[in-house]
Each structure stands twice: as structure tokens, then as C-alpha cells.
Amino acid sequence: MAVVTHRLHTSTLLKKFFSSGLTAMEKKLAEYKCNTNEAIQLKLVRFPEDLEDDNTTFNPEYSHQVFGDDEVAFGYKGLKILLYYIAGNLSTLFRIEYTSKVNEKFDCVEADDVESKIREIIPPGFCTNTDDFVSLLEKEVNFKPFGMLLHTYSVHNEEAGEDITYQIYKADMTCPGFREYHERLQTFLMWFIETASFIDVDDERWNYFLVFEKYNKDGATLFATVGYMTVYNYYVYPDKTRPRVSQMLILPPFQGEGHGAQLLETVHRYYMSSPTVLDITAEDPSENYVKLRDFVLVKLCQDLLCFSPGKLMQGFSQEMVMEAQQKLKINKVLNQNSC
């Protein structure tokens, strides 16, 4: 006969303790609750000294998809969930640190299995100690962007006092090493897109667009991952496709520098040049994405004859609508419900 043991879920036990009015226990348990948005520490590492530099650390916006709606990990004091990525190829260091952990003094209560939760979203092959991670960092000079170069642009960096060069590439799963790289890259979605999910990379209708920064290290040119976009190409009868933007993310250290606009404009220009593309849409676009898209489309409209200064002085016209739809591949109804 099989023996079945029952273990109460941590949240159920907490409610039980709280409802019992056990103030002392309630306070004791509260000491072992950690906000996972604060506990998770992310880095994009270029140099060994970045590992100890707090200025290179950033935190998630969301962690509910991994740790539940409360975004809390129970059972630890001083919890730190370290997820460090080499800036280019995103090789990963994963380590958990804490000052103390619940023990048998708390009857029927055990710490959350934080490690298993993280392992569910990061691919295998990550480092667990700093020495191995630094060894991989030394090989970063061999990393090169995947796919076909579409666009190069510069952004002036006030702190560095110089222009920084960025490049946008289009890649697919046939690029050697890209599948493994993408598995590491997509983990950021869980922390920065509220309803993110991993895509089926075996579906050949996906396109991937990547942004990289070029930087110098010991006289060599290296590349750092800035962000990316995935686009799914839907079939439209009889001989067209409708690219739909699915995911778009600029990593936090690079946000606010105009990379999102550069990426979206590059993707639009790429599809606009194809005679088989009917129009370009987006899947469940956020408010910020809609604002960004409107900005990019207005910029692209400035290149159209119907939007010349003389035409604009005459007011908005149906001719503008038709030219914008046809040349910019704009969907007939651009709003959150129809994209």
C-alpha cells in the first residue's frame, strides 16, 4: 500500500497562522518573506570588475510569472538571486545567496524551492561559480552577431563623450549557435513583459531582429546585446503575408536611448520593401508600443509625397490614407483591438 503524505502549501500555512492571531509567529514568518523583484539581480557583464559593480545591476519589473502574483519568495532572509549574463553571447551565471533560511523550528513550513523555479526558465549549461563565468568572459572576443546586417546607427553618449555604434541584424534558426543564444535571450521576457511566453522556435515563420552595441575591449571590437524583436509571418490568401510583431524588448541598461524606435523603423522598412507583404500588425500591443509605433509611422510618413509640407498645409486627405497604407504597409485599422 502506498503511503501518501500531505504538505500544506506555504501560502495556506501563512493564512492559517495569520487567521489564528499568532502575532509572534506572524512576525517571525514575515521576516522570511522576500520581494522577488528586489531579490533578483541581473547584470550584463563586459569586464570582470562589473561583477562587483552595483551600478551594472538591474532588477526585474515583474516576477509573477515565476513566483506567483504576490511576487514573494518565502523561507529566506537577505535573499539574492543572481542572474548574470555575458553582454554578448549571454552565457549565464546563476547563483542563490541568503543570510539565513527557515528550519525545523517552523512546523510544516519549508522554504520555497527558488532554484527549481529559476531552472524552469533558463536553459542548462549555466555557470554556478564566478571563476567559470570569468573564463567564459575571456572568450567573448570570439562572439559575433547572428544573421544579416540591416542597419547601422550611432547614439551620442554624454558620459563617455563619444558616439556609440549600434547594429541591427535579422537572424533565424539556421544561423549556427543562434538557437542556444535565443534560449538565453528569451529569459529576459519573463522579467520585463507582463504576459510573456516562450515561442515555438521550430516554426520557420518566425523572424528575429537583434540590436547590438559595438564596443572596444583591449583593442578588440566586441558586441553587446541591446534588445530584440520577434515577428510571425501569417499567410494571407492568395499570395501575401502579414508580419505580426509578437515580442519586443530593449534591455533596461539601454532604455531611453532611442533603440526601440531604431529597431521598429528598421523592421518596418525591411517588410515595406517586400512585394509579398500585405501589411504589418502587432499582437496585443501595449500602450507604450502603440506610442512608439505611432512615432515611427509619423516619421516614415515624412518621406511620402502626400505628406510634403505643401500637402500638409491643405489638410488631411484620403490620398494620404491610401499612400500611407500602400507604401508603409499600415493595417487599415490601427488600434489595440484590431492589431
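Positions of Cβ are set from backbone N, Cα and C atoms, glycine also.
The Cβ neighbour count for Glu283 (active site, proton donor/acceptor), using a 10 Å radius and every protein chain shown, is 13. Positions annotated as active site, proton donor/acceptor by TrEMBL: Glu283.
Summarising the annotation, TrEMBL assigns domain 'Histone acetyl transferase HAT1 N-terminal' to 32-194.
Looking just at the domain 'Histone acetyltransferase type B catalytic subunit C-terminal' (293-332), the mean pLDDT is 92. If you look up TrEMBL, you'll see 293-332 marked as domain 'Histone acetyltransferase type B catalytic subunit C-terminal'.
The site 'Interaction with histone H4 N-terminus' feature in TrEMBL is assigned to Trp206.
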For the domain 'Histone acetyltransferase type B catalytic subunit C-terminal' (293-332), distant same-chain residues with Cβ under 8 A (at least six beyond the ends): 261, 264-265, 268-269, 271-272, 277-282, 285, 338-339
Euclidean distance between Cα atoms of Glu283 (active site, proton donor/acceptor) and Trp206 (site 'Interaction with histone H4 N-terminus'), Å: 13
